[in-house]
Amino acid sequence: MAFANFRRILRLPNFEKKRLREYEHVRRDVDPNQVWEIIGELGDGAFGKVYKAKNRETGILAAAKVIETKNEEELEDYMVEIEILATCNHHFIVKLLGAFYWEGKLWIMIEFCPGGAVDAVMLELDRGLKEPEIKTICRQMLEALAYLHSMKIIHRDLKAGNVLLTLDGDIKLADFGVSAKNVKTLQRRDSFIGTPYWMAPEVVMCETMKDAPYDYKADIWSLGITLIEMAQIEPPHHELNPMRVLLKIAKSEPPTLSSLSKWSPEFHSFLKTALDKNPETRPSAAQLLEHPFVKKASGNKPLRDLVAEAKAEVLDEIEEQGEAEEEEDSDMLSPKTKGVSQSTHVEIGKDIEREQVGNGIKPHSATSPQKTDSQADNYSQRRNNEVKNCPENGRPDAVNGKPDIIILNPLSSNLEPKRNSTAESYRGEEHSSASSQRQRSAQSAELVPNGSFDSPTRYFTNWSKRDSDSGSNSASESMDISMNLSADLSMNKETGFLSHRENRLHKKTLKRTRRFVVDGVEVSITTSKIIGDDEKKDEEMRFLRRQELRELRLLQKEEHRHQAQLTSKHSFQLEQMSRRFEQEMNSKRKFYDTELETLERHQKQQIVWMEQEHAFRRRDEAKHIKTEQERDHIKFLEQLKLRKKELKAHVEKLPRQQRRETMKVQMDGFAHKKQTEEQQFVNRQKEDLNLAMRVIVLENRKEIYNKEREFLNKKQQLLRDRESVIWELEERHLQERHQLVKQQLKDQYFLQRHELLRKHEKEQEQMQRYNQRMMEQLRLRQQQEKVRLPKNQKAEAKTRMTMFKKSLHISPSGSAAEQRDKIKQFSLQEEKRQKAERLQQQQKHEHQLMEMLAECDCNVRDLLQMQNEKCHLLVEHETQKLKSLDEHHIQLIREWRENIRPRKKAFEDELELKKEAQEMFFRLNEEVAGDPFLSNKPTRFYSFSSPEAS
């Protein structure tokens, strides 16, 4: 079910499937075999094999990294590395010589560095680097990092295995497979990727917390760890499991050099400055270049000498210690030496002689180490401790011996050394051979570089000894001698005498002679060291740790790809939601804009129609009134005529003498009165007409005003509806976005849990293999002890019997029969002692087995506890993030609602202003319409929303 959910989370829409892309720096139309010739295999990395290739035209050498890809998505995973290599042009960074994609394989051609990787050189020389060498490498690495960081690139996998050396004494930073190319210089990343031992604390925290991303300062921490690795061969906490070291990095103090007096104060100061757990106060690469430790470093002569020493011709000789020689040496030891040896102490030294000659090399003889005894367990423990700590006096430890090396013939000076660079140089995963032509036994698991040392001082191997053949010079009774011998052997047994004697027979002495040229002078260095069975175990542990790192890197790569896919899906979902929100918003706006346009168009048509109707109405009404007034005017004139007739008739009734004069007076008065009355009548008709027209105009204007107000109300209601819908959309969008982001956060943590469970399964698998390996080693060792015990007991019984008989011969007492009884009694005691010894060995083996089982169970419990803590921390962090997200959403909704109130008020105020403006507009028109001087002017009405009205 969980896997189905995981597939559902990473599933992208069908139309988002990418077509075949054409990459700028990758050629798809050329077979790389036609351009490059494969001349050898360099190694096998985590994602593919690395070959040594030669350009068929120019003859340039390259390291060809060949990676099989199943699909285009996997091909895209390597594009960042190719792009970084193609864009970077720096003296201390490897260059990209070409990239091809042919028949499902990606070929990345990288600049070839004959000196190999720094960690391979340290294994070759069996020592850490000297401070001048570290100083030179550090300065060049800082210059390369300063350039990378200026190009907005975070390397994210700095370690000695990714620092290559050239024959000119320069370094080349390599392996950008997990690097990040940012858009901004201060851009942060939250990917949990890199190699655990070199990870910065802020990168480790990203395994369970993505809200504390890191920046380019993570490379500075990795640089400091790399310097410690160069000084001590191994990085800090190398004895821990790769997954368990993460907890150590996060919780412990920054690591330091194990030896204080061996290194300069400037070196310690530099490491203290670089290994600052707070990335904010951690300096940049440019600032560290001003540190006194690297500021004084000039030139690259130390690295040239280092490469020359690593590429030297090597002669290995093996000297095996025989049993007879051991017994002879054992007889020569004094009882005093025997007594001292009860506290087991192992020191492995080397004899070194260096002689510079003008034209040739003189053979050197190594001083044979003194043959010693020690317990096998203590020896193994001491060897492991020696790998962890370098001596304070700068002398190299004798580590990483090779138990499967056979005696080699001397190399002639005219033979060209056969060297293979390392796959670690390009993937940081494998160490391959960097030695001269050398014969090894067929059982050798892999070629490991041989070692050399820089100091001409002699080293001697002093092993504390304890021998069983002590003898007795006292003339005591036979039974006393028997009891002393039994007690002595019992004490020897308790201190691991028997197993140690057998272990002593398997020790070998390796004498190695290196010949190389320094500044035109040939130098010969001869080293000698004792190797044992633990050498092979150390090599196996190193190989298994590389396997674990490789498995971890594969998991990180897959996790990074899944994270990128999920991030791409989330980005697409957010973008799709934003587009949908915008479309919905635009759709609603468009709908209401269309409604408003329709309403305004209808309003305009309605107003125009009303104005036309009003014009027709005014014209008809004016025509009707004028017709009535003309009729009234005619009636008024007829009345005046009638009155004139009546006046004439009345004057005709007067006497003739008065008639003419009276007629004239009466007619003049009547004419004047008629003119006055007629003028008044016409004026009254005009007033009536104007009044009627004014009433009609006011009625029309009122109708238009009502219609305009009706349309304005409808328009404002539409605007209110639009704003309400927009606000609802905004709130719904906030809710939907919150739900999407919340679901994406859950998907993100689901993916993290899934990847964390995969890591935990891999950790448990590795722990199971480790426990199984420890149990197998214990059973094998116990089986060997069980097989050796009868042989040792037989030899010891023979020796003790001989000693007992000698003691009887030295101090004879009693008759021959009594002596035979004593011998018989001694034999019975020997049988009892051997039986008790076998029983004690069985009990010891059972106890060891129980302890080993308890230790394995404890390891599993500790691992499960740590895994449970990580899971709990991840779940707790998810809960906190979800809670924080909900609180943020609630706060956002609260702020949005608080902002809605002033928006609503401003919107209503704007609508009210439009109403007031409309009322003001019609009020002014009414005042204009009521002006008596303008009453005769034709009136034209406009819509309030029309441009003429405004």
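Along the chain as shown, the residues are counted starting at 1.
Positions of Cβ are set from backbone N, Cα and C atoms, glycine also.
Under the heading domain 'Protein kinase', Swiss-Prot lists 36-294, citing sequence analysis as support.
Taking all protein chains in view, 21 other C-beta atoms sit within 10 angstroms of the C-beta of Gly48 (ATP binding site). Per Swiss-Prot, the feature ATP binding site maps to Leu42, Gly43, Asp44, Gly45, Ala46, Phe47, Gly48, Lys49, Val50, Lys65.
Taken from Swiss-Prot, the feature active site, proton acceptor covers Asp157, and the record attributes it to sequence analysis. Asp157 (active site, proton acceptor): 25 other CB atoms within 10 A of its CB, across all protein chains.
Residues annotated as region 'Disordered' in Swiss-Prot: 319-478.
Residues or ranges marked as compositional bias 'Basic and acidic residues' by Swiss-Prot: 347-356 (among others).
Residues annotated as compositional bias 'Polar residues' in Swiss-Prot: 365-382 (among others).
Taken from Swiss-Prot, the feature compositional bias 'Basic and acidic residues' applies to 416-432 (among others).
According to Swiss-Prot, the compositional bias 'Low complexity' annotation covers 433-445.
What Swiss-Prot records for 452-463 (among others) is compositional bias 'Polar residues'.
Per Swiss-Prot, the feature phosphoserine maps to Ser482 (among others).
What Swiss-Prot records for Ser486 (among others) is phosphoserine, and it gives experimental evidence as the kind of evidence.
Residues annotated as phosphoserine in Swiss-Prot, with experimental evidence given as evidence: Ser490 (among others).
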Let me check the 10 A CB neighbour count of Leu42 (ATP binding site). How many other CB atoms are there?
26
Residue, out of the binding-site residues Asp44, Val50, whose Cβ gathers the largest set of other Cβ atoms within 10 Å
Val50
State the mean pLDDT for the domain 'Protein kinase' (36-294).
87
Determine, to the nearest whole angstrom, how far the Cα atom of Asp44 (ATP binding site) is from the Cα atom of Asp157 (active site, proton acceptor).
18
Look up Gly48 (ATP binding site) in the DSSP assignment and reduce it to helix, strand or coil.
coil
For Asp157 (active site, proton acceptor), what is the secondary structure by DSSP, using just helix, strand and coil?
coil
Do you know offhand how many angstrom separate Asp157 (active site, proton acceptor) and Gly48 (ATP binding site) by C-alpha?
18
